[in-house]
Amino acid sequence: MLKENPTTSNDKETFQILKKSWKPTQVELNEIEKEEKLNSNISQKRAFKVCIRVRPLLNDEVYKHYDATTAVNNSVFIHKLQQRFNKKSLETKLFSVDQVFDTQSTNEDVYESINHLIPLILEGGVGTVFTYGQTGSGKTHTMTGIENLVAKNIFSDILHKIFGGREGYEKFLSKNPSYIPKFKEYNQKVIVSFFEIYGETISDLLNNKNKLDLSEDVFGAINITGGLVEVEVNDTESMLELIKKGSAFRNTKATFKNDTSSRSHAVFQIKIINFSDYNGAEAGCLYIVDLAGSESGADTQHHNKEQIAESVAINKSLAALKDCIRNRSLAVTSKRHIHIPYRNSKLTLLLKESFELDSNRQCETVVIATCSPTEIDTAQTLNTLRYIAPLKVNLPPSTYDAENPASWNNVELRKWVKENGVFENGSRVDPNKFCPRENGKQICLLHEEDILERLTLNGIGYKNAKLFHFKLWNLALKGKAKKHAIKGEMEKTQGKPIVAFKERWESGKVALDFDDQLKLLLSKEKEGLWRCCEIVKSDIGGYEVRVDKLILAEEKLFNKPVLLTFDEARKVYELDI
Ligand SMILES: Nc1ncnc2c1ncn2[C@@H]1O[C@H](COP(=O)(O)OP(=O)(O)OP(=O)(O)O)[C@@H](O)[C@H]1O
């Protein structure tokens, strides 16, 4: 590995003497304490958790360079030797994040910062972990460690969940010592894929670098197209084998800073599929993303034309990633609309769901900033830390509203189902079967036929299933209207919500009226009266526009405009709630 060496042995000695006598100031200690108090008081979990890992000095660095960092609890100090006239002193910068891993930390220690993502994906959520940092700072070392530890732990985590905890599983094992787990028996599948994003090209690392692409469907979901190989795995060894195979195919080249520098973003994806789930239940998903290293101008001074173009492409996609996270954090606090530019790169498009404020599923991301400890990398380390330190984002506060199913989590939904799914003939809706993992919003987005199927397959008669669906659907519509009322889009008059007509009604808009009927506005007949055609529920779920059913409707009864999206496959419209 090539290293520049502007450090004299004199500097190194002076630095070591100064660092030995260095202590954080009282102001800095107060700041660390304040940050830690703030972290421990956070009742909400982080949507974006930020960690720092400082790697140790490597063998070829130990003699020439020195460690310019000091970690104190969840903060790290970066030191710089300054010379003023004849006097040398230490200049220090402090960064506080959620967790710091110092030069002595192991990959097992770092794994602790991400292991909460496993229960999240077993519940159908989306977990993302990525490392960000200069080339040669330890991203691949950290990510390979995490991939291997996930492979080692995920299968026992699933079994503990199936057997109601570690003790339950151990008790079972003591009675069945030769038991070999078969996840299919428990309706679980663990599916693994591994691909890289090099510039804007996506290649399958488990299939000879077969070219893949991303597409966004009409519902906004991102799909990998081109035949991604997805392998079902049942044990640690098979998963480790795939990690090894995929890593060997990765695009790496020697650079000025790193002999085996990764020139692509590698994405190791684990899907947890509960295949007894009905239509519409999404798989839990973990993305482990090893980013290509960012390079400074100085790092690229020995690059040829092709390498410079490669560096520009890497830095561009890293900038897109930073923009998305930064705007995501701004969007949580800002009163105005903040655009999250996830379409600016393939990487951010893939991770779109992690940036969405209003995602249907719970999404949590861990960002690990990796740093080289040496004094010659201080400028790049400061760049990395300045960027990642403000990225901490809390999950949006709970918006639970007993009258709005779209705001319920799985526990709240189950409670409602238990209380409301009771019929005169004694049959009951079992929440374990109706909504094993979904939250209220996910259930509200299901088609009527999917809901009816869930109910009838579990012994609820068709008539009762319709009644139950109607109750839930009505509540969802009212909840949505109420949400708008709270937002100030409606006024209350005599106990009845009346629209404050900020929106100008115009032809082509769809209005929901106070009887929960939808109408497509065709033309204005006269002031306050519109010629419309009816939009009715279809037998196959969704809505149909009945051009044969023309009516006149009073504008004052319109509750609010709604968006309909067209389901190309079934040729019906769906309410975009
Ligand atoms: N925590 C660590 N402990 C020991 N060695 C480490 C650690 N982190 C990194 N290294 C070593 O440092 C070198 C560079 O690490 P690595 O390849 O992981 O960097 P990188 O950030 O992925 O670089 P690039 O962006 O160029 O791919 C490797 O030889 C690696 O083994």
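Heads up, residue numbers simply count up from 1 along the chain you see.
Backbone N, Cα and C atoms are what each Cβ position is placed from, and that goes for glycine too.
TrEMBL does not curate its annotations; it predicts them automatically.
As written in TrEMBL, here are the features:
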BINDING   GLY133, GLN134, THR135, GLY136, SER137, GLY138, LYS139, THR140  ATP binding site
DOMAIN    47-394  domain 'Kinesin motor'
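Among the binding-site residues GLN134, SER137, THR140, the residues whose Cβ lies under 6 Å from any atom of ligand 1 are, in sequence order, SER137, THR140. Annotation note: LYS139 (ATP binding site) sits in a helical segment as assigned by DSSP. In sequence order, ARG53, ARG55, THR131, THR370, CYS371, SER372 are the residues of the chain that are 6 or more apart from GLY138 (ATP binding site) and have a CB within less than 8 Å of its CB. Mean pLDDT for the domain 'Kinesin motor' (47-394) in the predicted structure: 85. All protein chains included, GLY133 (ATP binding site) registers 27 other Cβ atoms within 10 Å of its own Cβ.
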